Amino acid sequence: MGEEYKKTHTIVFHTSEEHLNSSIALAKFITKHHSSISITIISTAPAESSEVAKIINNPSITYRGLTAVALPENLTSNINKNPVELFFEIPRLQNANLREALLDISRKSDIKALIIDFFCNAAFEVSTSMNIPTYFDVSGGAFLLCTFLHHPTLHQTVRGDIADLNDSVEMPGFPLIHSSDLPMSLFYRKTNVYKHFLDTSLNMRKSSGILVNTFVALEFRAKEALSNGLYGPTPPLYLLSHTIAEPHDTKVLVNQHECLSWLDLQPSKSVIFLCFGRRGAFSAQQLKEIAIGLEKSGCRFLWLARISPEMDLNALLPEGFLSRTKGVGFVTNTWVPQKEVLSHDAVGGFVTHCGWSSVLEALSFGVPMIGWPLYAEQRINRVFMVEEIKVALPLDEEDGFVTAMELEKRVRELMESVKGKEVKRRVAELKISTKAAVSKGGSSLASLEKFINSVTR
C-alpha cells in the first residue's frame with residue numbers, strides 16, 4: 001500500500017495579516033486538546049513562512065503561504081477608498097492557487113474540513129466543488145454573526161442605503177441598535193463590499209458549521225436567538241473563545257519592555273491603559289485632545305500613541321506635556337505587549353477601539369473598559385459592551401472625534417465613580433466566566449468536542 005493517510009487533517013484558510021493570529025490561536029486550541037489532528041494553515045497574508053512558523057511553534061501545525069497574485073488596476077486604485085474590498089478580493093484571486101494547495105495536501109492526507117475566514121468566502125466555491133466539508137470562522141462574537149445573518153433581511157426590507165436610514169434596528173437577541181452603529185461595509189448596497197458581505201451571509205447558511213470566537217455565558221441571548229432559528233435556518237454553531245485560551249507570550253521578550261518595569265512601580269489598579277490596535281492612528285488634533293484629557297483627569301496612564309515613523313511625537317503633543325506628566329504617565333509610539341499589560345496588577349482600566357480580541361483579553365484579566373470604536377464592526381461591539389453586558393463606558397464622539405473634556409470625564413467616571421465601580425463588579429464576574437469556559441468541563445471545550453466529532457465521524 002502507499003503512504004498511509006493521517007487520521008484527520010484540518011485546513012485553516014485565512015486572508016489577512018490582521019486575522020492570521022486568530023487562525024493560529026484556533027489551530028493551537030484544537031491541537032492542544034486533540035494532538036492527533038494535523039492542521040495546515042493556508043494564508044494570503046504577506047508574511048514569510050519561516051517567520052510564521054516561529055510564531056506557531058507547534059509540530060502539529062504547518063503554515064503554507066500562497067504565492068502573491070497581481071492585483072487588477074481597478075482594485076489597486078480603490079484600496080484607499082475601501083480597503084475591506086481588498087480583504088475579499090485577494091482570496092478570490094487566489095482560488096486557483098488554493099485549489100492546487102488542497103489537491104497537493106490531499107495526496108498525503110485525508111482532508112476532513114476546511115475552515116475559512118469570512119473574508120475568504122470565495123473559497124467556498126472551491127471547497128464545495130471538491131466535496132470538502134466547509135466551516136466559517138467568525139473571529140468576532142455571536143453579535144457580529146447575528147449581524148451577518150440578518151443582512152439578507154435588511155437587504156429586503158430597507159429601501160435604499162442603510163447609511164440613509166437614520167433609525168433604530170431591531171434584531172433578535174440584541175439591545176435596540178441605531179443604524180449608524182452597523183458595520184459601515186453594509187451601508188451602501190451598490191458597493192462591491194456590500195455584495196461580498198451579502199454573498200458571505202448566504203454561504204454561511206449553506207456551510208457545515210460556524211465557529212465563533214466567544215463563549216455561552218458572554219453571549220447567551222445571541223446564542224439562543226441563533227439556535228432557536230430567529231435568524232432563519234443556520235448550520236451548527238461552535239462557540240470556542242479560542243483567543244482567550246491562548247497563553248501569554250514568552251517572557252523573554254516582554255520582560256525587556258520598559259513599560260512593564262514602569263507598571264511595576266505604580267499602585268494597584270491605578271493606571272488607565274490606552275491602546276487602539278495596529279491601525280489605530282489619530283490626527284495631530286486628536287492626539288492633543290487625548291493628551292489634554294489625560295493630564296486633566298489626574299489619573300496615571302500608559303498610552304500607546306501610534307504615529308508615522310517620520311513624525312516626532314513630542315512635537316505633536318501639547319508643549320511640556322511629557323515633562324509635566326513624567327511621574328504619572330508613560331507614552332510610547334512603539335509596540336507594547338498588550339496581554340502582559342492588561343494582566344498587570346497596576347492596570348485598572350482600558351480605553352480600547354473595541355476590537356473583539358482586545359475585548360476578550362480585557363475580560364479574561366478583569367479589566368473594565370471605555371469604548372472608542374474606530375472602524376469595522378467596532379461600533380456594534382461597543383453597543384454590546386455598554387448596553388448588553390455592561391463592562392464598558394461609552395465615549396461620546398462626533399464623526400469619531402473625542403474632546404479632551406469627554407475623555408477626562410469618562411476616565412474619572414471609570415476610575416473613581418459609583419458607576420465605574422458597577423462596571424468593575426460586572427467585569428469581575430465575567431472574568432470568572434471567561435476562565436470557566438476554557439477550563440475542564442467548560443462550555444468552550446464542550447463546543448470543541450462537538451466540532452471535532454462533526455469532522456471525524
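Heads up, the Cβ atoms here are built off N, Cα and C, so glycines get one too.
These numbers come from a predicted model, not from an experiment.
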Record-annotated UDP-alpha-D-glucose site (Swiss-Prot): member among Ser139, Ser168, Ser179, Ser180 besides Val336, Gln338, His353, Trp356, Ser358, Glu361, Glu377, Gln378: Ser139
Spatial neighbours of His19 (anthocyanidin binding site), counting only the recorded positions Asp117, Ser139, Trp356 and Cα distances within 10 Å: Asp117, Ser139
Rounded Cα separation (Å) that holds between Ala376 (anthocyanidin binding site) and Asp117 (active site, charge relay): 15
Number of Cβ atoms other than its own within 10 Å, given for Ala376 (anthocyanidin binding site): 21
Site of maximum Cβ density within 10 Å, from recorded positions Asp117, Glu361: Asp117
Rounded inter-Cα distance in Å - Gln378 (UDP-alpha-D-glucose binding site), Asp117 (active site, charge relay): 18
